[in-house]
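Chemist: Dumping the structure here so I can ask a few things about it.
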Ligand SMILES: Nc1ncnc2c1ncn2[C@@H]1O[C@H](COP(=O)(O)OP(=O)(O)OP(=O)(O)O)[C@@H](O)[C@H]1O
């Protein structure tokens, strides 16, 4: 029926049309909502949410700062919606009416222009979405005393860095690699030691044209990225004599990647194949197996890319963030990865689903609070409480029990996983599974398929059950980076590489000892900071819905969408409190 928005309780539901809808987001429509006496009486639209938040800031009612939480599965339209919100504020809260044109160029444009740059480095074509964000982000739009947009800052969460060195079949690496190859001049190719016919292991499906995605070339020095691509073509073969390092395969004998990363070739090639073990003051050199060499190669690429991404975010923040003295309120836009359940799920999905569980808890708690219910005592005793509210409360308890399972103290999945990662030995999946079962068997949210051949555990999340594979989880959680590689990067003659590894967090982690700062502990900390921000702001929820898995325009597959609805039902079932 070409209706793309509706309200469900306090949530705006946004249906992805998968094709541009003329005039749905035009300047005139923005103005209509912005200048309306009562925008809530207009047709449901993302601009109502935007305007409501804006008016709240104007009204200065506590909490004045606002958070717009945009959720939904991959491809549902979260990034699109976040962009719409940013464009809305860049228009209605524009400084242009007040100050010179220069300022407009400097602020709104810069904020909006940061999107394609971040997307180039952080988005990729996946099976679910051609332009899938592989990181979460919270964008804080900073408003001055007159509610004009004067700056912004971005906080990012959990970049999927494994994608740099490993792309699932039919998926691609981050956009930036394709963009730079597409835009490279002959001269640049020469500089990067890349011939026209050279193919790259880490650049799959480059022939794929992506509709609606416009490749462009970024004018920054891409030596590091070219170095990463060249590194992906390095392979190893075992030496006949085990006491000797692996051989570098004929094709990888070239030292282009060492040149591009500006580190001594011999030293890097040794670091990739030989481990330095410290025993007191003495160092012992131990050749790595073929598989270990590949892990070290991938690790090098991942750590460089992750640091580069962080540097980019800091760089963007430095250019868009307003001086603290110039802004007093903010509207935050949260675009996080939705709930994930694949055939094989590991640490990444566990973290993502944990984040969703936290957000869901925040949502339900907010909703119950908005109903002026002081729970639990009042909720249970008052007779007039609707069935819907009681149901919400039960859901809230389920949600809490799942969070206890994941992050609770002293014993939870995370605490046990961290313990396992801190052991000075490789983790054994079967033993770890037994430990999990022994310690957590009291929690009804975890279960085990006794007949499964691979060690796993199943968590009953609010949005459904997800089975997590245990193999490799503790190692991923450690995210170890060989110290030799970091020391080498610190010596790089590439100014940027040298700078980003100079006082590198990875190094301080290494100094603290293995497993001290784990992926889970870092993610949990950053999520806690986010939850605190959300707690002190007025939240607005938008749930994006993917109407069909094939991303077909204007196609609504009822059976596919229905499975998503339980997460929404909570807001439909809880009517206004009736006295
Ligand atoms: N309102 C809309 N109008 C037109 N097209 C849209 C709209 N919302 C989304 N799309 C289309 O759907 C695609 C997927 O949307 P988007 O990238 O925002 O999803 P996402 O939820 O952020 O996914 P991911 O979690 O994978 O990053 C967009 O590239 C765009 O083509």
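Yeah, the Cβs are placed from backbone N, Cα and C, and that goes for glycine too.
TrEMBL labels come from automatic prediction, so no person has curated them.
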Chemist: Tell me which range among 527-549, 550-572 TrEMBL lists as region 'Actin-binding'.
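Modeler: Spelled out, TrEMBL records region 'Actin-binding' over residues 527-549, not the other listed ranges.
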Chemist: I need the neighbours of the ATP site defined by 72, 73, 74, 75, 76, 77, 78, 79. Which other residues of that chain put their C-beta within 8 angstroms of the C-beta centroid, in sequence order?
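Modeler: Filtered neighbour residues, in order: 16, 129, 338, 544, 546.
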Chemist: Among all the protein chains here, how many other CB atoms are within 10 A of the CB of residue 79 (ATP binding site)?
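Modeler: There are 21 of them.
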Chemist: Determine, from DSSP, whether residue 78 (ATP binding site) sits in helix, strand or coil.
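Modeler: The three-state answer is helix.
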Chemist: Over all shown protein chains, what is the count of other CB atoms within 10 A of the CB belonging to residue 77 (ATP binding site)?
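Modeler: Other Cβ atoms found within 10 Å: 25.
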Chemist: In the region 'Actin-binding' (527-549), how many residues does DSSP put in helix, strand and coil?
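Modeler: The composition, in the requested order, is 9 helix, 8 strand, 6 coil.
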